[in-house]
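Chemist: Per TrEMBL, the features are:
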type	residues	note
REGION	564-604	region 'Disordered'
TRANSMEM	53-74	transmembrane segment
TRANSMEM	126-148	transmembrane segment
TRANSMEM	160-180	transmembrane segment
TRANSMEM	186-204	transmembrane segment
TRANSMEM	216-244	transmembrane segment
TRANSMEM	264-286	transmembrane segment
TRANSMEM	313-333	transmembrane segment
TRANSMEM	339-360	transmembrane segment
TRANSMEM	372-388	transmembrane segment
TRANSMEM	394-413	transmembrane segment
Amino acid sequence: MSATDTTPTPAGEPHIVVQPERPTRRVVTNAERLSGVIQSVGRRPTDIPRQRWESLGVFAFFLVAWTLFGHWLVVDKHVVGFETLDRLNRALMVWHNDPPKLSALGFDYPPLATLLVTPLTIFSDVARSLAIIPITSAVFAAGTMVVLNTMMRRAAVLAPLRYTVLVTLGANPLVALYAAGGARHFLWLSLVVVALGALFAWYVTADIRFVMIAGLAFSVATLAGYSSLLWFVLSAVMIGAVLARMGADGTEIEGTTVGFASPTIYVIALWTAFNLLLLGNPFAWITESSDAIGNVNAEQFSIVGLLRWTGELVLYGAPIAIVVLPALFFAGMARRNSFALWLGVILAFTVLAPAGAVVLNVTDSPMVMRNALPILVVSVIGAIWLARSAGSSATLVSALLVVGLLLSIPWTFQGMKDYKYQNLESTFAAAISTGQSQEGARTRSGQVVGVVDEQAMASFIRANVTRRGSILTDNAQTYAVMLFTGRPDLFFDRVDQSDGPWLEAAADPADHVDYMLLSTDTASDLLSSLYPEAAAGRHPSLTTIYTTARYTLVGVPAGFTPGGTVTQDASEIADQSGAEEPGSEEPATGDDAPTLVPELEVTS
């Protein structure tokens, strides 16, 4: 009904004015707003019950198992990578350098690859022990097993088969090496598995919160390992494609995809801005990281060669992928199983990723065997989904997965002995086969295994040097010695006050330090390249105090003049000397035992 107004006219005669009726605002209920949305929003759909104690038991079992195995492998057999020691030393410097600096993390590795292990280095006496190394990887590998177990619960795999799958996967020699050896690969891979596990749950339950969990997991994984961006991009495309296939409208597809991608895009933008601000190059995290720098000495691969080594990588490192990959594509296309199809796409890209990195020249270790690790893990995820899709045959598929994983143990172990491109795989196999320490052994790639020289030099320094900042050294090459001292504050390194002051001290060490710690590899150590005679123990004025096959500690007498000045910056010296980035090259070695000059009294 319209409202009326009887206001008098100027002539004094009232008249009726009809006011237009105001439209009432209709309230749209939440149910109506979500009526066209195919996902579950604002309510919890039916899902598997939580089994916190089971998850905790799985985590504790593998954490203890891999830590104990890692103690045997690292502490007793000395199978440890120098990159691991470099990251731990950086983490130690965050707390105990003089001054403590978060910038010790550097830009050579993804920031979380080091930052996530800094809690283990709060106590320096713990950090300098080899026993801490297995924990740095076992924690994340055990978390991976928890997520895989949850996936199998959603796939209705029986408990005995679930545990058998986990044990056979955990006993795989490639998994055992990287789970127990302290390497950083499980750190980012565990986060990728969390993200894929969340998408697994999303497809089963249609609960949109799992998409958001996956997005957050990928954002953290990106800063732990840049390789995870491959799975992030594929997952974003998969989410949009699956929603479109299920009949979602454009608004729902856009909103879900943007919600998934936003956290990762944000951290990429933030990290790019940090690189621009601190390094002057917004993409330094891509072009200058230890993972992305191409190795000029690496073998050149032809297309045929890449195909061959991709095949061998899968054959020896993840043979179950040979069966799982075509099975996923068959289930996806023949049975209209969208998630199986996309898992097949993800697995295919995972298989091709190592060759793609070689083609793009963004790897310092082309076609190495550790690249089979994500292929193996994604293959297991694919097999779990095949078990869920098999209905009444789920038990059979799960049993076949167990058989495949069991047979791959001796097969992969033999491949670790013979595969051409590798890191510590051959020495790991030798330690298992012989039960002997691998100190001084060489890998198939020529790297020298062992830390006796580093431990000997560190023990001498701890016993004889007390003044802070009294040892000038290039921490990019002597990081292992610094780590084993547990006292990075004793060293005047390139992190303390940046390269400028460090180069000034290198030009005139007598005014700054009492000692210089030099690597005998003068091609990689910036300080050794300035004092090659001292590194070799033959300098007439710099007296050798203590020496090992890899390192030389010399005393700097008062009034010492090197006879020249350093006018170049550290990067120019590194370019001329061919020095590698920190942790990218093993220190030089020899057969000489640590040597102490007996007639010299060491003072601090």
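Every residue gets a Cβ built from N, Cα and C, even glycine.
Keep in mind that TrEMBL annotations are predicted by a computer and have not been checked by a curator.
Let's see these features in context: how buried, what's close, how far.
Modeler: Sequence-remote contacts of a segment are chain residues at least 6 beyond its ends whose Cβ falls under 8 Å from one of its Cβ atoms, and for the transmembrane segment (160-180) they are 58, 62, 65-67, 69-70, 73-74, 134, 137-138, 141-142, 145, 148-149, 152-153, 186, 317, 369-370, 372-373, 376, 380, 395, 398-399, 401-402, 405-406, 408-409, 412-413, 416, 424-425, 428-429, 432.
Beyond its flanks by at least six residues, the transmembrane segment (186-204) meets 47, 110, 112-113, 116-117, 137, 140-141, 143-144, 147-148, 150-151, 154, 178-179, 210-211, 213-215, 217-218, 220-221, 224-225, 227-228, 231-232, 235, 238-239, 242, 338-339, 346, 373-374, 377-378, 381, 384-385, 388 of its own chain at Cβ-Cβ distances under 8 Å.
Within its own chain, the transmembrane segment (216-244) has Cβ neighbours under 8 Å at 38-39, 110-113, 116, 184-185, 187-189, 191-192, 194-196, 198-199, 203, 252-253, 256-257, 260-261, 263-264, 266-268, 271, 285-286, 289, 291-292, 338-339, 342, 345-346, 349-350, 353, 374, counting only residues six or more beyond its boundaries.
Within the chain carrying the transmembrane segment (313-333), a Cβ under 8 angstroms from the stretch's Cβ atoms is held by residues 174, 339-344, 347-348, 351, 354, 367, 369, 371-373, 375-376, 378-380, 382-383, 385-386, 389, 401, 404-405, 407-408, 411-412, 414-416, 418-419, all 6 or more beyond its ends.
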Chemist: Can you name the far-off residues of the same chain, 6+ from the ends of the transmembrane segment (394-413), with a Cβ under 8 Å from a Cβ of it?
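Modeler: Here the qualifying positions are 152, 155-158, 161-162, 164-165, 168-169, 171-174, 316-320, 323, 380, 383-384, 386-388, 429, 432.
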